[in-house]
Amino acid sequence: MVIIGPRGPGSQRLLLSLLLLAAWEVGSGQLHYSVYEEAKHGTFVGRIAQDLGLELAELVPRLFRVASKRHGDLLEVNLQNGILFVNSRIDREKLCGRSAECSIHLEVIVDRPLQVFHVDVEVKDINDNPPVFREREQKVPVSESAPLDSHFPLEGASDADIGVNSLLTYALSLNENFELKIKTKKDKSILPELVLRKLLDREQTPKLNLLLMVIDGGKPELTGSVQIQITVLDVNDNGPAFDKPSYKVVLSENVQNDTRVIQLNASDPDEGLNGEISYGIKMILPVSEKCMFSINPDTGEIRIYGELDFEENNAYEIQVNAIDKGIPSMAGHSMVLVEVLDVNDNVPEVMVTSLSLPVQEDAQVGTVIALISVSDRDSGANGQVICSLTPHVPFKLVSTYKNYYSLVLDSALDRESVSAYELVVTARDGGSPSLWATARVSVEVADVNDNAPAFAQPEYTVFVKENNPPGCHIFTVSAWDADAQKNALVSYSLVERRVGEHALSSYVSVHAESGKVYALQPLDHEELELLQFQVSARDAGVPPLGSNVTLQVFVLDENDNAPALLATPAGSAGGAVSELVPRSVGAGHVVAKVRAVDADSGYNAWLSYELQPAAVGAHIPFHVGLYTGEISTTRILDEADAPRHRLLVLVKDHGEPALTSTATVLVSLVENGQAPKTSSRASVGAVDPEAALVDINVYLIIAICAVSSLLVLTLLLYTALRCSAPPTVSRCAPGKPTLVCSSAVGSWSYSQQRRQRVCSAESPPKTDLMAFSPSLQLSREDCLNPPSEPRQPNPDWRYSASLRAGMHSSVHLEEAGILRAGPGGPDQQWPTVSSATPEPEAGEVSPPVGAGVNSNSWTFKYGPGNPKQSGPGELPDKFIIPGSPAIISIRQEPTNSQIDKSDFITFGKKEETKKKKKKKKGNKTQEKKEKGNSTTDNSDQ
């Protein structure tokens, strides 16, 4: 039980002091519990709340808690029932070691008032640790001469438990040589010992393995064991002995000096020095001044120490002995009989003279390489010598005289296949057994320049980014020559040719020794997409041989050209363009179209359009097509809209980084009926000085005059046809095609058949004109009876050379209605140049080069991008004058009709009939002009 503070009678002052002590000072009290180690989690220890005199309901309010400086997580209190329980595994040996007493001290703290209680929990030991030995095996050396009752101490076991659980008992496995004895030391600890009860013999039992077991006194008992390995030490009590009392050996008289005669073998059952044997020769009979034999003292190997001669001695008797190294030493004896046989003991001799080396690989068959002579000191059949040569070689031996031979060339040589030959000349006598001798002849083959340098492949493809720095290393060619030395020394050079107007050497160079190819100047993808040339490799032989390899260098495009705005009718790209727009137009009305080109290709030439932030306001009713460049109204115009708008259109490509240009469009809003009959661009020039038109060139004036004349004729014919039409034909019904006129430049045709039109009092039906190339033959029957199927695009429509530089413009792709993926950009389907499109859908022209499609023709196609879907027999809103880059949209408007829309148009000044050289010069001039206009436009921003 816990005694909380001393109690007794006292005055009021004493009671007050006790209350203060209870509230502010630490109260004292102590509890004692016990628990066994290794108890499971949740094991009951004691009702600590009840023993401390605390109610269960006040444990939480008074912040009942257990604090311990060490091992605080081993025990825990359940605040619901006030029971102290085991929280985690308790290991007494880890907690207290081998101490006899082991307890866990806890401090229990409660507040309101503050009280501290001390709790000691005794940890009781259980037999959870078996006795163990420090090592798994103990080695005990014992001499075989050790006397009986000899004691050999062993290392005892240890038990981590205490008390009875640590009391140990030893037991030894059964054997006839040793018994176990327990020795008690001064500290009351016990030590096991082995006592020898029977003498040992190492030759019979060199080792003895015993098992020592130990048992503790716990319940249940735990055991341990250790292997006892007894090694019996040797004593020199045995002498060496040979495996045979005598040996017999037969030798030929021609055996070489130091030849092994026999290997003797003696054994000693002892070990160590007692078993180490040393061999020696005691006597050799017959006695001679020269010792003909020697013996190795360590191995017992007998070798010849001189030359045996059958004519001198035909037999020898060798007496040998073996002595161990024990103390005292012991010896064994034996005898070796050697019999000598008479044989053919003289070998032939071979001599090679007059060598002609090295041999040229182009040497003639039959060329003498060397002279060979042979001899043998024997006589008779033993002295007759026959020579032979290594087989399967391009050489042979030719006998020239007795015992003389010539080594000659038998077949053609090839140094690249075999550069040297190791020939073996064998001379064999006629003895029995025959003797032979060999001589080696090394024949080197000298190189002849018969192999040209060879490349790994006949052609290489190299990719180089444009705008590379001068002297840039772009590739390395390597050729291999199978010849040797200077015949294999390869040098590289360019195979000179013309690349356009320049020499190949002005573009690239090749290092003569390394084969590295360098670009001498920055390459321009727009000027040169593919550079194909050959590199020659020649060796230094006489005469030199060579070969060529082809290199195809593709110049990869980089975004180094900003979008260039196509020239306005005034003749300057990037200048302000004025447009007049009636206020009565509805949403989606196209005001103008911005046209731009990019000299790059691929993504670098894919253009997008957007209004500059300065031009985008909350009330500006205009929007530009992302990929079409068409500026259209976003809503119906009203009186609140400003009469004039200055729009800045940003044209941006998709390169990395993107390059931009800016176009300025001036839009003036006019009331209905106030639009002048002349071109909106011309009228705006009088209103706004910034949009004033420049002088129109002579060709444009002539074209407009011709078109105006044709327009008047068309109107007259149209009026006649309308008056003669049946009354059943509605004003909005499709009309029949009518042939207007025919001229040297083509046929002009008018069509209203199958035309989807809108009947409106404000906007009467409009008629379209279109110009076809002269190759299109139209008859009146064709015009009056259009085919039921849609017409295929005319393959004769072509862009002139003056606009070849603009073939990469993505705006033309958008005009053609081919950007069907919307803003998806890269997912769009690029148009082809085929004129056999099965079902054209919209009246625009599509550039075949804008997205990397290589062609110089423009094909008329229909697509969903056209706001008006024409019927199969109808003509589009725009026409192309053959031989001119202009795309002209001409519509016949009634007197009070409003101007529908205007386009940015370009008229070329170069004719297709000019020479090719002049075309290139004109294209370069126009490209420079467009770049200058782009720069001017950027400065306007």
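Positions of Cβ are set from backbone N, Cα and C atoms, glycine also.
Cross-referencing Asn548, Asn923 with Swiss-Prot, the residue annotated as N-linked glycosylation site turns out to be Asn548. Within the set Asn265, Asn933, Swiss-Prot records N-linked glycosylation site at Asn265.
Taking the glycosylation sites Asn257, Asn265, Asn548 in turn, the residue surrounded by the fewest other Cβ atoms inside 10 Å of its Cβ turns out to be Asn257. When averaged over the domain 'Cadherin 3' (243-350), pLDDT in the model lands at 87. Here the Cα atom of Asn265 (N-linked glycosylation site) is found 22 Å from that of Asn257 (N-linked glycosylation site). Rounded to a whole number, the distance between the Cα atoms of Asn548 (N-linked glycosylation site) and Asn257 (N-linked glycosylation site) is 66 Å.
Asn548 (N-linked glycosylation site) falls within a strand segment according to DSSP.
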